[in-house]
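Student: I have a structure here, written as structure tokens, and I will follow up with some questions on it.
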Amino acid sequence: MSEKLLYEALNEGIHEEIERDPKVFVIGEDIGHYGGSYKVTKGLFEKYGNLRILDTPIAENSFTGIAIGAAMTGLRPIIEGMNMGFLLLAFNQIANNAGMLHYTSGGNFTTPLVVRGPGGVGRQLGAEHSQRLESYFQSVPGLQMVACSTPYNAKGLIKSAIRSQNPIIFFEHVLLYNIKENIPQKEYLVPLEKAELVRSGNQITILTYSRMRYHVLQAAKTLIEKGYDPEIIDIISLKPLDMGTISTSLRKTHKVLIVEECMKTGGIGTTLKSAILESLFDFLDTPIMSLSSQDVPTPYNGFLEDLTVIQPSQIVEAAEKIILYS
């Protein structure tokens, strides 16, 4: 085991896959000598050169299109968005090309690529740089989405994503890059379509992902002190959802709370609600409650920024309300 920060775990995973497979390359802005805006690609340019680590101009639509074309020929590009919000400039390429080409070509082409980068609220980056694009990408046919939350799952997921035949949107949170954890030195993979049972419990199922995993864990300490027994699941796979793990939990607890940083309208929480109501309605003893960010542009002011995002105290209040519902 060795202690790694989350960004170091991602770096190590990418390094191993470039070493393992000559078809893997990285493309994006400032990923070369600079090492990426959050140092995820640090040291890769020096080792692999400019044919494997491609520094680009500020032109998201162009370098994303280049990467998709490369994927169509059998290469495995890793596209880094300096910020997830910037990838809106490449939405046409990601949606109409990467997501749909396998279908629209009658199976003649695949687009094995990873689109990754930082996003989320918490560093006073303003509205444009605090985007959470889960709601944008989840409606695009052909795309898979995962969100890492620990150094362990970050490394295992990025390796699995690079090896996948599908286009993967890989969400990283700006506030999680410096999370520390001991991870195995021996190679391992984390499945792309599997949720993680973070804590076993019997009274309520709390579904969450990314940064909100830590807000939920903080809230769980208070709930446990009050005598409650919450079950916590990090869904990890945002598309497709791991309904098997979710179903097993809800058939035990019969109560569910969804906690996300994505905005309420059209977010992952809305999709989860729909999926649960369609397949698990008979197992619910209470209405589903979902806690999401407010439908407002993220303020620059730090105090106001915090007000837009769900806090641990709100999770405690909501969980108690559901557990005591009659």
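Each residue, glycine too, has its Cβ placed from N, Cα and C.
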Student: Need one residue: from Leu89, Leu113, Leu217, Leu223, the one Swiss-Prot lists with Ala161, Ile162, Asn166 for K(+).
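Tutor: Given Ala161, Ile162, Asn166 bind K(+) in Swiss-Prot, the matching entry from Leu89, Leu113, Leu217, Leu223 is Leu113.
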Student: Could you say whether, by DSSP, Asn166 (K(+) binding site) belongs to a helix, a strand or a coil region?
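Tutor: SS state of Asn166 (K(+) binding site) = coil.
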Student: Rounded to the nearest angstrom, how far is the Cα of Leu113 (K(+) binding site) from the Cα of Glu60 (thiamine diphosphate binding site)?
Tutor: 15
Student: Could you tell me which of these binding-site residues, Ala161, Ile162, has the greatest number of Cβ atoms within 10 Å of its own Cβ?
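Tutor: Output for this query is Ala161.
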